[in-house]
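Below: the structure, in structure tokens.
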Amino acid sequence: MARLNPSKPSSRGGKPRSSSADAMAEHKPPPGRPKREGEGASKKKAKSGGFESMGLCEEVYRGVRHKGYRVPTPIQRKAMPLILAGHDIAAMARTGSGKTAAFLVPMIQRLRRHDAGAGIRALILSPTRDLATQTLKFAQQLGKFTDLKISLIVGGDSMESQFEELAENPDIIIATPGRLVHHLAEVEDLNLRTVEYVVFDEADSLFSLGLIQQLHDILHKLSDTRQTLLFSATLPQALADFAKAGLRDPQIVRLDLDKKISPDLKLAFFTLRQEEKLAALLYLVRERISSEEQTIIFVSTKHHVEFLNILFREEGLEPSLSYGAMDQEARNIHISKFRARKTMILIVTDVAARGLDIPLLDNVVNWDFPAKPKLFVHRVGRVARQGRSGTAYTFVTSEDMAYLLDLHLFLSKPLRPAPTEEELLKDMEGMNLKIDRALANGETVYGRFPQTIIDLVSDGIREVINGCTDLIALEKPCTNAFHLYLKTRPMPSTESIRRVKDLPREGLHPIFRDVLGSDELSALAFSERLKSFRPKQTILEAEGEAARGSNQWLDVMKKKREVHEGIINLVHQKNNVDHEPKEELVENISNWERKDVCGNKRKLQSFRDEEYYISSVPQNQHLEAGLSVRANEGFVENRLDAAVLDLVDDETSGMQAQKTRYHWKKNKFVKLNSGDRVTATGKIKTESGAKLKPTKTGIYKKWQQKTHRSIDTGRKYGGFAEEGASTTGSHQRGNRKHTAAGRGRRYIPNADVPSEIRNPEQIQKSRQQKAMDIARMKNRSTKESKFQKFQKNNRRHDGPSKDGKFQKNRRPDGNGKNRRPDGNGKGRGKGKGNANGFGKGKGKMKGKGTR
């Protein structure tokens, strides 16, 4: 019995009901029941500019209210209307501003209901597993009142379980590029041509050189009519790096350019040596950070994660940890414990720097200074979210000072050193008031970590390390890994390297003002003066003068030093004079004498009209350089690439030759696109750092044979339907689908699927065909049995007899013996017939017999 379709026209000739009418009838409350909160929210137009004014359907609006949103954030208010209108956008806003909801809410509003025959309709790509898992949970919460199916495709999980999810025809896929490329190579039936909505979350990280090959394979399988969205907290203004994303007339939304980090975030930079970081970290965790506050610690390598994990456990602290090569189940367990506040410390690498949203996070500690300014923004963006305050502690060594200057050029924030101990002893109240005003104005103050504290904590750490064999075994791998990290990180800018040499000496950081008293400050000032002490005599002179008193050789050394000091002072005076203004040299000279000095010709002077002056360097040069996708390679490679001028050849052969590059390992020329790099083995690098070949391994076929299921996402069927219609509001006439609204035509999957209901003629024809096939098979089996019987009898014939008839004899030689009854052995005997059973002869004969 066929199921009634409410969207079909009635037999009375009435007009078909549209999908919007069905939705209104479905959600209309029964009489006598008051409306629930949020019911009919898509109709009313609130003046407050909330989600009610965006035209969301009831299911989506209820999900938004259930999540706790009341008023959209600036990025949501700016981007969501453009997305709902169908525009491609590239959006940038600082971390914690609600970018995830800005693309999830329009996606759920567009899809609304599950459609098993439409295939995959939305694809969200994330650079890391943690970010993809977080996006999945967020999408499930927003789509709680819809029946949309969402699938998570990330590395670390079993392929078979992901095959099960794909076989259920999900509407939305949230994936990492490496695992999705693996599925595309493994499953031939997996089709992405039906995708209408594509989101690149953290787009600048996705389009970096590490993942560009995977994205190229994915984008090649997408439809050209898709809607493409780029979201990131650090997105450059020039979209040339995202040319392969296929943006069509994109709308650029960039908010909070002057506030790249939260204004509620406090920054603290401590200068110290590399070997002092352990003591400084333990002191911060124990003394400065409350036990009720959650802290995330960023380190450079996974070896440092393991080392700090064991050290903290030896000290009585239980941390959670996460890094790229860690098992996915273990990562989920550690992150879940940290979210549930069972542990208060999380030690991670930069795999958790992007997009990881942990509620109620209070502090961030940067063990190693990030080499890229935007990486620092992503790290510290984990705290001070949604109106909460937080603190970011950063350790800075002497090699990291140039990166510190680059960071503040990117943030457009002034940087000043903390006052020295001598300045504090002279005017402590005035210096403290000056520092407080600088911090209130948004300036960054960096200073030293107290040496007395480091000395006290370092002794205890050394005892713990010497008593633990695991820590001793991890010391050398940590050192080697850190050296490799220093070699591979990008170089800072040349200007910052030059400016570091002119920076003044910093004092104690203001955060430790309440720790040290005036006596300790005096001791620190004395120790700092000892560091700058330079004796006037060499050790030989001092010992000689103490032993023998004044003599001729000591007098010669003193006279030599006096002469040299005079020359040195003259050089210093000359350098100081060169830096003074030239006008001071002729200040007291008459006009006539001035002409002799300066000349009669007027000198060329510099003049700049600020209103009409056009600089050769853009004002936001440091900002865009830090936001650039190619910034991962450092400033040197960017400048070299910008200085190269490639002229396109005027012949086809020359154009093709320009796109090829000789590969040393493959021993041939390979074809490259713009921005692509040569890979030695053709392997792809996943988000965990593992390398694998995107080739078919046969695991999908094994899963098919085991479960007798397959993945079919609309690869075989597809058609066109009218523009503006959805699959839920369409009706079917014959083998075509028609919609209720719109005159244009657009591609809708499975629109031309033939009906499976057969008429009596088709049933009769199929039965006749089946009967004919059965009769043909019976006839064939009868003929085969006769032929087999004939062959069996023919094996027993040994040859013709005298009268020409075949005589049956199981001995192929006629009369002799045969050791192999099947006729393949050697036969001996007398009589007529040879070893094959057909010839004539007398005497003994040898030969191979055949059947």
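Cβ from N, Cα, C; glycine included.
Among the residue ranges 141-144, 201-204, 701-704, the one that Swiss-Prot annotates as motif 'DEAD box' is 201-204. Of the listed segments 49-77, 484-512, 600-628, Swiss-Prot assigns motif 'Q motif' to 49-77. Looking only at other Cβ atoms within 10 Å, the busiest spot among the binding-site residues Thr95, Ser97, Thr100 turns out to be Thr95. Across the motif 'DEAD box' (201-204), DSSP classifies residues as 2 helix, 1 strand, 1 coil. Just so you know, the Cβ of Lys99 (ATP binding site) picks up 24 other Cβ atoms within 10 Å once every protein chain is counted. Sequence-ordered, the extra residues of this chain that approach the ATP site, with Cβ no more than 8 Å from the Cβ center of Ala93, Arg94, Thr95, Gly96, Ser97, Gly98, Lys99, Thr100, are Thr73, Ile75, Ala233.
In the structure shown, the C-beta of Ala93 has more C-beta neighbours within 10 angstroms than that of any other entry among the binding-site residues Ala93, Arg94, Gly96, Gly98. Reduced to three states, the DSSP call for Lys99 (ATP binding site) is helix.
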